[in-house]
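Q: Summarising the annotation, TrEMBL assigns signal peptide to 1-21. According to TrEMBL, the transmembrane segment annotation covers 74-97, 139-162, 174-194, 200-223, 340-362, 368-387, 399-417, 423-445, 466-491, 506-524, 536-560. Per TrEMBL, the feature domain 'Sodium/calcium exchanger membrane region' maps to 78-217, 402-553.
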Amino acid sequence: PWRSYFLSLFLSDLFVPDVPCLSFLQCRAVCGLNVSDRCNFIRTNADCHSEGGYLDYLEGIFCHFPPNLLPLVITLYVFWLLYLFLILGVTAAKFFCPNLSAISTLLKLFPHGVTFLAFGNGAPDIFSALVAFSDPRTAGLAIGALFGAGVLVTTVVAGGITILRPFMAASRPFLRDIAFYMLAVFLTFTALYLGRVTLVWALGYLGLYLFYVATVILCTWIYQWQQRQSLVYSIHLHSSTPHLPPAEMLSDSEEDRVSSNANSYDYGDEYRPLFYGQETSAQILARALNPLDYRRWKDQPVSWRLLKVVKLPVEFLLLLTVPVVDPDREDRNWKRPLNCLQLVISPLFLVLTLQSGAYGVYEIGGLLPVWAVVVIAGTALASVTFFATSNREPPKLHWLFAFLGFLTSALWINTAATEVVNILRSLGVVFRLSNTVLGLTLLAWGNSIGDVFSDFTLARQGYPRMAFSACFGGIIFNILVGVGLGCLLQIIRSHVSEVKLEPDGLLVWVLAGALGLSLVLSLVSVPLQCFRLSTAYGLCLLLFYFSFLLVALLTEFGVIRLKSV
């Protein structure tokens, strides 16, 4: 009798939609409820609440708009998602990377692409992975994005490079990079099979990347030593012109140096004045905050102008909040009125973005909030800096602005990545899609779009070997540091011994298997071609990716599934 009584209570609670008992259901069940019950379900179900971010996208869909406007809301969300990807790209390219380069120059660190350059280029992927791993419900989004970006870059990007400009691949760097990446994929596959990542496992990811960096540095040093010995031998033979290796024989590091010198982008070229002279502080501030160069505007096509108009609000806010130090310029990008203003705004932005502003509104002693204290301290520091410096010459401590700009731009990227993850999770709830398929499609495409354009541009300019090498070097950094650092921070933050990984069914194994298969095929086919990559090889890689995407979508929608025993 007692069991029947409790069972009747349970069933009565289960089928009443406005009671808290429904909170144990997964959030995707909201679409199966009546329209009048969905808002209450979203607000009372803990699975529907996001850990961070400023906007509650699910509540916006089901509580603030009528059901007949759902297509309009989804369209607005998609446009906002695309704009967030634009914010990620602009912040990483024009603010995060220059400050990172300035810090590495200041500290005299080894300027190789597998270290700081990889960190700068992979910043959107890394921060998206860190945000996704911070919540167990979105861990599948991180795995799908990292694996999906790996398949995309090693097939579509690498194949597109060979189609644009067939070339001779560097044998030793190719074999080295693909071996390390296969090891990283195998580690992640094993972690998914075990269903957890322990502290030792997370540290192993980071240790493996450090070992990869050391290997690249050692290989570069050995190659340079061999080149010096060859040069000495040529001089010994009284050769009038020392024999230099052709372009096909250059290592990836040497080609990096050549291409970086020939194609380096001056991040300040859009803000350089037409005539130099004595300017007032107000004129310097107005010029520094203007993200539009009218001289370039006249010579650019309509598509560039439209994109520039879309980027103007973001670039203005970034110029206002993120200082940029350029060691290659004579004045190191010192803008006295703007830099003093940034001493107030940048710390304020930092406290208002940490934990979605939770730290900024905290009151110290019940008197003043943290943001007010930061504004007062920043104003005092800015006043001292303004009256102790001049417009013409940067101060001795100007290099500190590089660290401030690095932190501020990193938080810009982290904030945008948090909103991206929350939007994708909301779209997954509405369309009943798994986090894995959203990660391998939308998140992977959005985070990789910058790599696609940059690598294709390098290939067109005559540096296909550098672009091809970046396909593997960048994703090694993304998967090792993304999974390792993401799980490590989650273990430290939650005070747990391990991070649980719950694969979204068969699709995760399809994704991991496709990535492993593409690497094996490249490892076998490239040496068989004697490292001469042709257009046919690129077309085969494109065909492989579209076949994988078709299989992944069929698996997601249940057309392909495991047979129940």
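Here the Cβ of each residue, glycine as well, is placed from N, Cα and C on the backbone.
In TrEMBL, annotation is done automatically, which means it is predicted and not curated.
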Q: Near the transmembrane segment (174-194), which residues from the same chain, at least 6 beyond its ends, have a CB less than 8 A from one of its CBs?
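A: Same-chain residues near the transmembrane segment (174-194) but 6 or more away: 143, 146-147, 150, 154, 201, 204-205, 208, 212, 215-216, 219, 468-469, 472-473, 475-476, 479-480, 483, 501, 503, 508-509, 512, 515-516, 519-520, 522-523, 526-527, 531.
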Q: Which range wins on Cβ pairs under 8 Å with the transmembrane segment (536-560): 139-162, 340-362, 506-524?
A: 139-162
Q: Short question: which residues 6 or more past the ends of the transmembrane segment (139-162) have a Cβ under 8 Å from it?
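A: For the transmembrane segment (139-162), the sequence-distant neighbours (Cβ-Cβ under 8 Å, at least 6 residues beyond its ends) are 125, 128-129, 132-133, 181, 185, 188, 192, 421, 424-425, 434-441, 443-445, 447-448, 451-452, 455-456, 459, 464, 467-468, 471-472, 474-475, 478-479, 482-483, 486, 499-504, 508, 511-512, 514-515, 518-519, 522, 533-535, 537-542, 544-545, 548.
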Q: If I count Cβ-Cβ pairs under 8 A between the transmembrane segment (200-223) and each of 74-97, 340-362, 423-445, 466-491, 506-524, which range comes out on top?
A: 466-491
Q: Rank 74-97, 399-417, 423-445, 466-491 by Cβ pairs under 8 Å to the transmembrane segment (340-362) and hand me the top one.
A: 399-417
Q: Counting only CB pairs under 8 A, let me know which of 74-97, 399-417, 466-491, 506-524 has the most with the transmembrane segment (423-445).
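A: Most Cβ pairs under 8 Å with the transmembrane segment (423-445) come from 74-97.
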Q: Should anything in the same chain at least six residues away from the transmembrane segment (74-97) have a Cβ under 8 Å from its Cβ atoms, list it; otherwise answer none.
A: 57, 61, 117, 120-121, 123-124, 267, 310-311, 314-315, 318, 322, 324, 405-406, 409-410, 412-413, 416-417, 419-420, 423-424, 426-427, 430, 442, 446-447, 449-450
Q: Count up the helix, strand and coil residues in the domain 'Sodium/calcium exchanger membrane region' (78-217) according to DSSP, in that order.
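A: Going by DSSP assignments, the domain 'Sodium/calcium exchanger membrane region' (78-217) contains 121 helix, 5 strand, 14 coil.
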